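Some features that TrEMBL has for this protein:
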| type | residues | note |
| --- | --- | --- |
| ACT_SITE | A:Glu80 | active site |
| ACT_SITE | A:Cys145 | active site |
4 protein chains.
Amino acid sequence: MSTLLLTGFVPFHTHPVNPSAEAVQALNGEQAGALRVHSALLPVEPRSAMQTLSRLMDELQPSGVLLTGLAAGRPQVTLERVAVNVMDFSIPDNAGGQYQDTPVCTGEDAPAAYLSSLPLRRILAAWHDIGIPGHISNTAGLYVCNVVMYHALHQLHLRGRAEVPCGFLHVPANPQVALSVAGDRPPLPYLPQEEITRAVRTAAQTMAGQNEVCGSQTRKEAPAGLLV
Amino acid sequence: MSTLLLTGFVPFHTHPVNPSAEAVQALNGEQAGALRVHSALLPVEPRSAMQTLSRLMDELQPSGVLLTGLAAGRPQVTLERVAVNVMDFSIPDNAGGQYQDTPVCTGEDAPAAYLSSLPLRRILAAWHDIGIPGHISNTAGLYVCNVVMYHALHQLHLRGRAEVPCGFLHVPANPQVALSVAGDRPPLPYLPQEEITRAVRTAAQTMAGQNEVCGSQTRKEAPAGLLV
Amino acid sequence: MSTLLLTGFVPFHTHPVNPSAEAVQALNGEQAGALRVHSALLPVEPRSAMQTLSRLMDELQPSGVLLTGLAAGRPQVTLERVAVNVMDFSIPDNAGGQYQDTPVCTGEDAPAAYLSSLPLRRILAAWHDIGIPGHISNTAGLYVCNVVMYHALHQLHLRGRAEVPCGFLHVPANPQVALSVAGDRPPLPYLPQEEITRAVRTAAQTMAGQNEVCGSQTRKEAPAGLLV
Amino acid sequence: MSTLLLTGFVPFHTHPVNPSAEAVQALNGEQAGALRVHSALLPVEPRSAMQTLSRLMDELQPSGVLLTGLAAGRPQVTLERVAVNVMDFSIPDNAGGQYQDTPVCTGEDAPAAYLSSLPLRRILAAWHDIGIPGHISNTAGLYVCNVVMYHALHQLHLRGRAEVPCGFLHVPANPQVALSVAGDRPPLPYLPQEEITRAVRTAAQTMAGQNEVCGSQTRKEAPAGLLV
């Protein structure tokens, strides 16, 4: 059976937990359409995160890659549209590194950015159908989330597997994250963990359904053109 | 059996539903400690909202009054600390009225403001215990929510019943409200309706529990003083 | 010549300067209508701030009191509508105190709140006439700014001088404050110091002009009533 | 004398003026280092904006291209880091068009994105030196601002002139824009027009100074690498 690789991140910064980790752990082994979900946690440090991700992609040869992470402060689940070949950290990573204006990949063949190859509009529609507000984000930040999104898309491209749907889903804080915010900072928007997990599951199922029906055409979700 | 009067508002402005209405309807008739919840919906127009509220308070002689409403844009449930004797509407009410710098009550005996007589810190603690982030808000706005909070506290004061715990709880958007936001406005923070209802239920139960234990001393939740 | 008492605060928290201090120092001794501006800086600690303010009011017997302070994060100058008889600090004051749910004044005669007696709409109109966006705020927070606003209005009330226009003007960050924000916090809105000083000067002049024309009627700026 | 092409946009949407237009008009003909500023206004419609820009770049063969526009709601001036090959409009353009998920350029050779070739950190440093807070933005949005940034960088790339520094500077609202905001929307952060113009001038001068000293090496502002 084909695999959908689903990643989250371990906790980082001042956050006691990472709701992306809780979501992907809850979904590990579930079936999404014809795919089986293989969940993994990534470290919050660029080099080891990229190594872990490369190894997983080599071993699993997944038919879909859904990367998730925490965007504390965002009020809804968001699908990232683009990954940029830059690291610029406003907080240190878990190894204490704080990169500034640094490329994720330095090769000649490393473009400035990749667009998500997820069926973005279909996932939004699937969310809305079940009462989950969510939207497309035009920046994934320049922290480790963006790193793994760029890296995964670049690896697929280099290996001639650019048709594999791959992208990043940012989730809001969950209650534990929101409850641990310092008193001199504004209250964080949050969602119950089950709502976050439900949004991730729906995205995975939409990718899988997409895959079944459209095969390698998943990337071709066409630009919608002029809507006057 | 004594009554806890629990109010929400009907839908208003561009919002398709009012999550405060859905919460209070779900809780109608429930028992909260030694109190039975009597739920009612208020119109979003100051005069008729105050009349409805006066009638309910006269008829029910409630042992607690928990008023709720929607604060679209706030990321968490909030307890209002103060109601101010001013109406100043940035959007029209459901009758098309848009008051500016107008007193809620014009009598000589109408003070500038009332402080909530809810056990604010106990409700926060009860929320936190069950994983609901929430906080105290220092302004209820100057729309119909503030009107009914001021009016209820003023009525209790005039009738010598200032010991009855009474206050206002603002809830965030629910999914339907968040999904109906115009595309040129920022995405709204929201909570699933069940989470909103759960927060309102917990507040009611805390008021009731408070009531049982402390009798008429509920208002005396003392200022905590200097925390150095 | 009659006096307009104009106060700002010294720097506090992590802010390297206080733009309210710079504004009031720049305006000290200026004439505003028939009044002469007497500027003073207040400490960021409730007890000593109230003492300093009481002394100044006793000595100067001012014909107007304009209190100013920094609201880092607000995007425009704001006039406070109401001062509440509560201290609840999310950051410590300059003496390390962090009060919670504590009254500013504990006397029997201390009401829950005072409404500003400044000519709010006239000041807004004067700002708009010279291209300064600004608005009325419905909460002054519950930090030392609110303390001095409550205290000044309470003192005037107790001494039978409630007709003296008195209120609070919050200013945004200036460039120095904005430039010193930690990199993991969102960028602060700010205004050049001259713009902040200009807004404070215009408010003072409007108070003075108001005074000249309307004498003791300044407080009577009537509620505007129903604007359908 | 070599030319620095400086563009702003005409007014759009509900905004009565465009502070980027006012800034570039004020700077037209000024000397910036060894360059003379040639200012031009672009229409807020993608096709005609790109045509106007292509014509200007062909005619002027500029040594630097600084594109500016309004980002109403941002609190500070921002330098855009990246332009993405996607249009996705949340409000219509001035011709009523509202593109969704549409490429800016459809050619095979059109990459997903271009990174700004402006000396971003030098401009930030020059701003900070003169007391202007400002920062790098990681999304230029997907409206006409992003279109012209992508188009200008793509044209320079296609014509073998990728060494010409080129990028986009977003400015906040000015007072006129802030004063015209509807009453049911939150107050906009704004800067006085002179502050906005000063920030644009400083960016232009930094580009020119950069150019003089470093010649074609302007793009090589090296990634700063790991800052532990």
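Cβ coordinates come from backbone N, Cα and C, glycine included.
All TrEMBL annotations are machine predictions without curation.
Since the structure is predicted, the reported quantities are computational estimates derived from the model, not experimental observations.
Secondary structure at A:Cys145 (active site), taken from DSSP and collapsed to helix, strand or coil, is helix.
Residue environment of A:Glu80 (active site) contains 25 other Cβ atoms, counted within 10 Å of its Cβ in all protein chains.
Here A:Glu80 (active site) is positioned 10 angstrom away from A:Cys145 (active site), judged by their C-alpha atoms. Other C-beta atoms found within 10 angstroms of the C-beta of A:Cys145 (active site) number 25, with every protein chain shown included.
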